[in-house]
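Taken straight from TrEMBL:
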type	residues	note
TRANSMEM	A:61-84	transmembrane segment
TRANSMEM	A:96-113	transmembrane segment
TRANSMEM	A:143-167	transmembrane segment
TRANSMEM	A:179-203	transmembrane segment
TRANSMEM	A:209-231	transmembrane segment
TRANSMEM	A:279-297	transmembrane segment
Amino acid sequence: MAVEQPMRSPVATPGDQTRIHNIGYRNYDGPRLGRSYATRSLYSQSLRGSYGLGRSIKSKVLPMLLFVVMCVPAAIMVAVAVATKAKDLPVDYTRYAIIMQAVISLYVASQAPQSVSRDLRFKTVPLYFSRPIETADYVRAKYAALASALFVLTAAPLLVLYVGALLAKLDFADQTKGFAQGLVSVALLSLLFAGIGLVIASVTPRRGFGIAAVIAVMTISYGAVSTLQAIADNQDSTGAIPWIGLFSPVTLIDGVQSAFLGASSAFPGAVGPTNGEGAVYVLVVLGLIAACYGLLLRRYKKVGL
Amino acid sequence: MPRQLCGLTTGVVRVTIVEAVTVIATESLSKRFPRVTALDRLSVDVGPGVTGLVGANGAGKSTLIKILLGLSPASEGRAEVLGLDVATKGADIRERVGYMPEHDCLPPDVSATEFVVHMARMSGLPPTAARERTADTLRHVGLYEERYRPIGGYSTGMKQRVKLAQALVHDPQLVFLDEPTNGLDPVGRDEMLGLIRRIHTDFGISVLVTSHLLGELERTCDHVVVIDGGKLLRSSSTTDFTQTTATLAIEVTDTDEHPDGTRAVRESLHARGVEVLDGSNGLPGAGHILLLTAQGEETYDLVRDVVADLGLGLVRMEQRRHHISEVFTSEEEQRKEAAVHGS
């Protein structure tokens, strides 16, 4: 008997395998966590997707590369500051994102279509709306996810700068204030850029068009605005410079932070908006963010099933 | 097999009627767009089981599903799914039902497992449960090792299975399947139909399946709802459609004593006053099948006795159903006739 039993088990193995296939259907009577959980799941999936996590290796390359490109200059600056025992960081916290705007635009251009155009192109959207979530939940989750991804991208180098500044024993209160102002500035920038990127990307199911359109909107508007500002500066009509700045996302953020967040303006002749003009900037930024959200809602009302 | 029994005895049918609780109920449901009326005062009750929704393109099938999912408000009338009002309880309904769209809806660059897990979470399943249910469901729809590969490389049949799996993964009480056999080859079609049948018999999930192929619905559904131009044409059980007359098909063996057993049975039955038809329909090799009209239990006994007396072997004695399409054709003809008489 004792000899027979071990012999039986290998014989039974193929039987066991077939039995696995024959397990009957099991009902699910566990919890169903509903709408808000589903929205959070979509948010985390989209946020992870913005860095290629949970997707193919190929789709990890670009976002990760851009993240590294964002952080390396900050690390170098910190290294220089520590080595040269400088009294201040070579770049303001608020200025960093403005300098790196090309990288940020590229990131928005690549990830906004990834986030929404794919769902449109492969018609996955109806599957979402056949589940408990509503149109607004979908839009909120996607918007929040891309804005968070952008915040991670823009705040990480600021963190590198801040940590480096503390290591270099620069003035703590001064650095903390700058860092906080920088965070507020990049938070606004993330919301604005994510909104613009998503609105453009949600119009087309073609990813290529989406990428091209986002890059075009970001660079052409900035190019046009800074050219006009330079001309205005040349002709000594400095009063016009802040008003022209209202027409591109980057200069909008620049204006807001130079009016309220203690940043030095990157405008020609460093002519930042006054407090009154700055208020207009803030209103325009907030209005644009709200408008992007509203446009996305309207867009997805139509997509449906 | 149980389906065959269902066709033989009306008793079984009655049992389902006793059990019947309404899964979907609409009451003069209308949906009007500026230019088109998609649904026109549709009142229909659907019980548990597999229900076929038939209609030509543009008959209002998709509009009906949209309203039943609570995604599009009705212009008029009301509808309930699983006892929940579609106008106010849309989210609750969508938590309890599954939906498989007609069109492609799968991203090609993720694996079936990842995709279905995500969809399970979107239905409110906690992460661990989502993963377990995904593995279970993919196995039930017949996807095994390939489920870890990106969906882009799947065949149409496999993609249909993934689409079905995402509709079932949260263990709904009811699924809407929109043209699930579209684009499948005959074998794939048979497998899909078998699977749909199992969704009800094995999984206990009610099914509303749309199709424009009546033959499919006949084999799969307990109940058929026909809509045309947004109006209800007919709603009745499949057995009602096909059981207006019960035709019996018999096939017997030949023996030395009776080299043509089929003829011997036919003559013998004829002698006892039973009308026997030739089941061949001019097809070669089908001449061995006899068709006769069953009058009741005694017809079965009679056939048994006749065959036994002749010493033949009874190879086959089965109920031949009429095809739903025949019923429709005859109905349409009747309507045309009525129209002619009316004018």
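Even glycines carry a Cβ here, placed using N, Cα and C.
Fair warning: this is a prediction, and the values are worked out from it, not measured in the lab.
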Counting Cβ pairs under 8 Å that are 6 or more apart in sequence, does the total for the transmembrane segment (A:209-231) and the transmembrane segment (A:279-297) reach three or more?
no
If I count Cβ-Cβ pairs under 8 A between the transmembrane segment (A:96-113) and each of A:61-84, A:179-203, A:279-297, which range comes out on top?
A:179-203
Could you tell me what the rest of the chain brings near the transmembrane segment (A:143-167), counting residues at least six beyond its ends with Cβ under 8 Å?
42-47, 49-51, 63, 66-67, 70-71, 73-75, 77-79, 81-82, 89, 91, 93, 96-97, 100, 104, 107-108, 111-112, 115, 175-176, 179, 182-183, 186-187, 189-191, 193-195, 197-198, 292-293, 296
Other than its close neighbours in sequence, what residues sit by the transmembrane segment (A:61-84), given a CB gap under 8 Å and a spacing of at least six beyond its ends?
50-52, 90-91, 96, 99-100, 103-104, 106-107, 110-111, 149, 152-154, 156-158, 160-161, 163-165, 167-168, 170
Intrachain neighbours beyond the transmembrane segment (A:279-297), with Cβ under 8 angstroms and 6 or more residues off its ends:
135-136, 139, 142-143, 188, 191-192, 195-196, 198-199, 202, 242, 245-246, 249, 252-253, 255-256, 259-260, 273
